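S.K.: So that we are looking at the same thing, I have put the structure below in structure tokens.
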Amino acid sequence: MHPQQLVVSWFSLVLLASPIVAIWELEKNVYIVELDWYPDAPGETVVLTCDTPEEDGITWTSDQSSEVLGSGKTLTIQVKEFGDAGQYTCHKGGEALSRSLLLLHKKEDGIWSTDILKDQKEPKAKSFLKCEAKDYSGHFTCWWLTAISTDLKFSVKSSRGSADPRGVTCGAASLSAEKVSVDHREYNKYTVECQEGSTCPAAEESLLIEVVVEAVHKLKYENYTSSFFIRDIIKPDPPKNLQLKPLKNSRQVEVSWEYPDTWSTPHSYFSLTFCVQVQGKNKREKKLFMDQTSAKVTCHKDANVRVQARDRYYSSFWSEWASVSCS
């Protein structure tokens, strides 16, 4: 590459800011400006450079203003608020030469804004992302809630460890068909599926998996992070094939079930423990805990027998209930 071309390419990709670097490239021609958000804040000085070998006859416009903002190959602006963000375009002779989109990431009292996603407050405050795994294969699902329904974009990236990252691939975030109601308000639910590239289900985990969701709403940028071991987000599927078998000369029945198809194998190593409960219309019997896949219970008319599972050796989340009717 010719030295002059190298200089042009370098300047076309870089925005110059104040000595504290508060501007970075999210993707090609999209830049994040980090701002301290308080009254009379000075903002950030941003220098935009037109991606062209031309030197003369260049003018600048913004989608936030109908006026010509300046002329020349560079444009210096002061970014203080959302009215200063948006798309900037350099022109010559009526032709658009290049565009740069500025998004704002605001910080108030030293804390980055979290306006886009709903705080689910479980298992602790500031829990914006929730993730679960059905087994130890390295596949997991994450989801989040938002009240916003338009002008919204998400991207997800993940890795195991930061010093020596191992690949975790995440798909595109998808909007669930059903809304989620929380505190008498409806939210949109987004989910994403992720898979660790190389994993040994039986190996002890030493490096945390980190998931980062980048959210853009109009001209606002935010990011949200969750870190975990797979073992800490395990939630098996419910037991399958529940069956009731009457016992001779007894008011009891034998309820039996099988491991869910999605659970890790061999089951002799990846073992589950189970909780069994008879649930009537107005009463729930005492829960029974066991490692085997059958139990004897007293099954009343109009009652259900329900069973749930969790990892036997590590205190994972309990699965949802599987149930079978006594009648």
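Note: Cβ is positioned from N, Cα and C throughout, glycine not excepted.
What you see is a predicted model, and the numbers here were worked out from it, not measured in a lab.
Found this in Swiss-Prot, in case it helps:
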- C50-C90: disulfide bond (DISULFID)
- 23-106: domain 'Ig-like C2-type' (DOMAIN)
- 238-327: domain 'Fibronectin type-III' (DOMAIN)
- N223: N-linked glycosylation site (CARBOHYD)
- 1-22: signal peptide (SIGNAL)
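Show me how these features fit into the structure around them.
M.R.: A C-beta separation below 8 Å, combined with a sequence spacing of at least six in one chain, links C90 (disulfide bond) to L48, C50, D51, T52, I58, T59, W60, K73, L75, A96, L97, S98, R99. Taken residue by residue with DSSP, C90 (disulfide bond) is part of a strand.
Here the domain 'Ig-like C2-type' (23-106) has a mean pLDDT of 92 out of 100.
Residue density at N223 (N-linked glycosylation site): 17 other Cβ atoms are found within 10 A of its Cβ, drawing on all protein chains shown.
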S.K.: Which residue counts does DSSP give the domain 'Ig-like C2-type' (23-106) for helix, strand and coil?
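M.R.: Helix, strand, coil within the domain 'Ig-like C2-type' (23-106): 3 helix, 54 strand, 27 coil.
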S.K.: Quick check on the domain 'Fibronectin type-III' (238-327): DSSP residue counts for helix, strand, coil, in that order please.
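M.R.: Secondary-structure composition of the domain 'Fibronectin type-III' (238-327): 0 helix, 43 strand, 47 coil.
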S.K.: Tell me the Cβ neighbour count for C50 (disulfide bond), meaning other Cβ atoms within 10 Å of its Cβ, over all protein chains shown.
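M.R.: The answer is 26.
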